[in-house]
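Notes to accompany the following structure.
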Amino acid sequence: MARKPKRDMTMEQQLAAGPVDLPFLMLTLMLVGIGLIMVFSASYATAYYDSSAIVQNNPLYYIKRQSVYAVIGLVAMYWMSKMNYQHWRLLTIPMLAVSIFLLVLVLTPLGVRSNGAQRWLHIFLLFGPTFQPSEIAKVAVIIFFSARLSKRTTEKKKKFSNRTFWGRLGNLGTRLGFMELVPYGAVLGVVVLLVVKEPHMSGTILIMVGAAAVLFAAGINIVWFIAGIGSVGALMTFIILNTTYMTARVQLWLDPWSDPRGKGFQTIQSLLAIGSGGLLGLGLGNSRQKLLYIPEPENDFVFSVVVEELGFVGAAIVLILFALLVLRGYWLALHARDKFGSLTIVGIITLMATQVFLNIGVVTNLIPNTGISLPFFSFGGTALVMNMAEMGIVLGISRQIPAPKND
């Protein structure tokens, strides 16, 4: 089919067909490429010594799987970048409903359990590769919040009857800016409750951070925002203190050497890997701690292998690339065509920046282990595909930046 002449396209079609932001695209591809190399290096020994029926001592097992997911991620990123992001407004409710439905399914016998947590579903429910519905929920919450909050200045404030006490109370809440937060709090509460039940604390943290970033960028009442952050902080503290495995993680964070051959082993080996890297590292592929010392080094602790093999210089380059990606993302948010695009980018980029910060904080033992992976680097198909799809959404919004802003 011949390509539609530009003069015959509507204004919306012309805007959506614009060029993507090249710096953001190149930074994303560079991080994905380096991440694949580090997954191969970090997983080589683990796979080589794994004689299970699945791996069969194949040192290429993990990199082959990750490469397949990277290709799927590229397709997803391209497709998302070609899609007119205005269509996401129409998909907010269905996408949120589907993500909540999938989170409910996880808690049924259809959910796949691993390492004491039930967070996965089979793609075909009873068989096939697994995925984490919480990854979809993170994006669904951000897009739902962005779509609704982008219209907050044009929507009429709801008025209640002053004849009843509850009506007067509702009007007071409206004047104080509290009532507009109720639907967001309800949606966030349902999603967070389902994710906590898995349990999946890292997913819970990221969903709340993404939602908070969009609310803050939308300019909600700062008093209620601070009150909400304080309430969430108090709730998280209560959950941690009353959940055995979370309390144990905090204790291990304070003193991993209290159980050096048990639960503190991974953290100690990670710190040894980082300390061994020096300025320039031991060389790509020459990590010693990945030789069955760091458990599953290709997953959440892959950054310790990066530091050990590439040294301070190599690790700094990786962090600079992440920093440039985040800064470029926020630049795109500032120049987005409308508020919906701007808020969506803020949510996605803040989500990724938080993941990077928390993962490196765990690897260096600056914060307790949260189980958060490093975007583009940690082994995991769902996370990689979703990360790249999220970058595709940002690229899709960047296509319309040359157009004049309109709210």
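Backbone N, Cα and C define each Cβ position, glycine as well.
What TrEMBL says about this one:
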- 20-42: transmembrane segment (TRANSMEM)
- 62-79: transmembrane segment (TRANSMEM)
- 91-112: transmembrane segment (TRANSMEM)
- 176-196: transmembrane segment (TRANSMEM)
- 203-226: transmembrane segment (TRANSMEM)
- 232-252: transmembrane segment (TRANSMEM)
- 310-331: transmembrane segment (TRANSMEM)
- 343-364: transmembrane segment (TRANSMEM)
- 376-397: transmembrane segment (TRANSMEM)
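Taking Cβ pairs closer than 8 Å, the transmembrane segment (20-42) reaches residues 60, 62-63, 66-67, 70, 73, 77, 81, 284-285, 287, 290, 297-298, 302, 305-306, 309, 318, 321-322, 324-325, 328-329, 332, 374-379, 384, 388, 391, 394-396, 398-399, 401 in its own chain, all 6 or more past its ends. Between the transmembrane segment (62-79) and the transmembrane segment (203-226), the number of CB pairs under 8 angstroms, six or more residues apart, is fewer than three, so the stretches are not in contact. Beyond the ends of the transmembrane segment (203-226), by six or more residues, the same chain brings 119, 132, 134-135, 137-138, 141-142, 145-146, 149-150, 152, 176-178, 180-181, 184, 188, 191-192, 195-196, 232, 333, 339, 342-344, 346-348, 350-351, 354-355, 358, 370, 372 to within a C-beta distance below 8 angstroms of the stretch.
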